[in-house]
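Colleague: Quick one: the structure is below, and I'll ask about it shortly.
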C-alpha cells in the first residue's frame, strides 16, 4: 500500500508527496507537528497539515530570507529571529563571523526539539554560542525592546493559528521600535497566486508600508510551498536593497546553493500581476 502526504492549497487544489514512512506525529499546546520521510524531498515536517521545511528545497527559503538583508548591510551585528523553529535561518546567519548576537524567539519549544532530532540539516547551529533561544510569543517579546537590533527576520508560519499575531500593524510597529536607526526587517510574505494567500500578502505589505520608509518585495521559487511562487518583504529605516553595494558580499567567499548577487538584483523584479496587487493594497 502506498502512503501519500496530501496538503490542501485551496478547496480545489491539492499537493501530494509519496511518503516512505511517518517518523513523528505529536501535538503541542499550539499546533500539530508531523515529520515524514520521502524519496523525492527527503525528510520534511509540517505544522497543522501545512508544509514548513523539506531537506531538498529548504536551502532556497533560508538563502533568500537571510542573504538578501546581509548583502544589503554587511555591518549587521545584532539579529532577532522570530519563529524559525527548524533552525535553518539561524544556520545561515551563523555563517557570518561579523554577527555577534542572534536572539531567536520561538513560541513552540516542541518544534525546536523535533527538528533537532529529525532535521539536523537545519537545526545543527542552534547551539552556536552567539545564539540565545527564547521560547515565548514573539509579539510580546518585541514590545519590550527598543533600538537594539540591526536586523529582524520574521520567519513565521502563515497568518492564521499561532503565527497570526505576527502579521498585525502593532507587531510591525514594535519591530520598527526594536530596530536601530538603520535597521532592516525581513519577513516571509506568503504567495501572491492563490486568493487566500494573496490576501495575507497584501495585508502584511499594507501594514509594513505604514511603518517603514523603505518597503520592497522580492520573490523566489519554492517547489513545496503553495503555487511554488513565494514572496518576501524587505523593510528598512535606511537601506534600499536595490541601491546597496551588494558586490562586497562576494568578498566573504560564502558558498550558497541559491543566492547570488545577480539574483539579488533580479528577485525584486516582480510580475505585473504582483505589482498591481502591491500598488492596490490601500484599496
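The backbone N, Cα and C atoms fix where each Cβ goes, glycine too.
From Swiss-Prot, here are the annotated features:
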{"type": "ACT_SITE", "residues": "155", "note": "active site, proton acceptor"}
{"type": "BINDING", "residues": "31, 106, 137, 138, 162", "note": "S-methyl-5'-thioadenosine binding site"}
{"type": "BINDING", "residues": "62, 86, 155, 156, 157, 158", "note": "spermidine binding site"}
{"type": "DOMAIN", "residues": "2-237", "note": "domain 'PABS'"}
Colleague: DSSP on residue 106 (S-methyl-5'-thioadenosine binding site), three-state: which is it?
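Modeller: Once the DSSP labels are grouped into three classes, residue 106 (S-methyl-5'-thioadenosine binding site) ends up as coil.
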Colleague: Rounded to a whole number, how many Å is the Cα of residue 86 (spermidine binding site) away from the Cα of residue 106 (S-methyl-5'-thioadenosine binding site)?
Modeller: 10
Colleague: Can you give me the Cα-Cα distance between residue 138 (S-methyl-5'-thioadenosine binding site) and residue 156 (spermidine binding site) in Å, rounded to a whole number?
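Modeller: A Cα-Cα distance of 10 Å.
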Colleague: Can you give the mean pLDDT for the domain 'PABS' (2-237), rounded to a whole number?
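Modeller: Looking only at the domain 'PABS' (2-237), pLDDT averages out to 94.
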Colleague: Express the distance between the Cα positions of residue 62 (spermidine binding site) and residue 31 (S-methyl-5'-thioadenosine binding site) as a whole number of Å.
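Modeller: Distance (Cα to Cα, whole Å): 22 Å.
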Colleague: How many neighbouring Cβ atoms, not counting its own, are there within 10 Å of the Cβ of residue 106 (S-methyl-5'-thioadenosine binding site)?
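Modeller: Around residue 106 (S-methyl-5'-thioadenosine binding site), other Cβ atoms within 10 Å: 24.
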Colleague: Spatially, and counting Cα to Cα, which of the binding-site residues is closest to residue 156 (spermidine binding site)? Options: 31, 106, 137.
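Modeller: Checking each of 31, 106, 137 against residue 156 (spermidine binding site), the shortest Cα distance is to 106.
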Colleague: Work out how many Å separate residue 31 (S-methyl-5'-thioadenosine binding site) and residue 155 (active site, proton acceptor) at their Cα atoms, rounded off.
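Modeller: Distance (Cα to Cα, whole Å): 16 Å.
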Colleague: Where residue 155 (active site, proton acceptor) and residue 137 (S-methyl-5'-thioadenosine binding site) are concerned, what is their Cα separation in Å, rounded?
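Modeller: Checking the Cα atoms of residue 155 (active site, proton acceptor) and residue 137 (S-methyl-5'-thioadenosine binding site) gives a distance of 13 Å.
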Colleague: Reduce the DSSP letter at the residue listed as 'active site, proton acceptor' to three states and note it down.
Modeller: strand
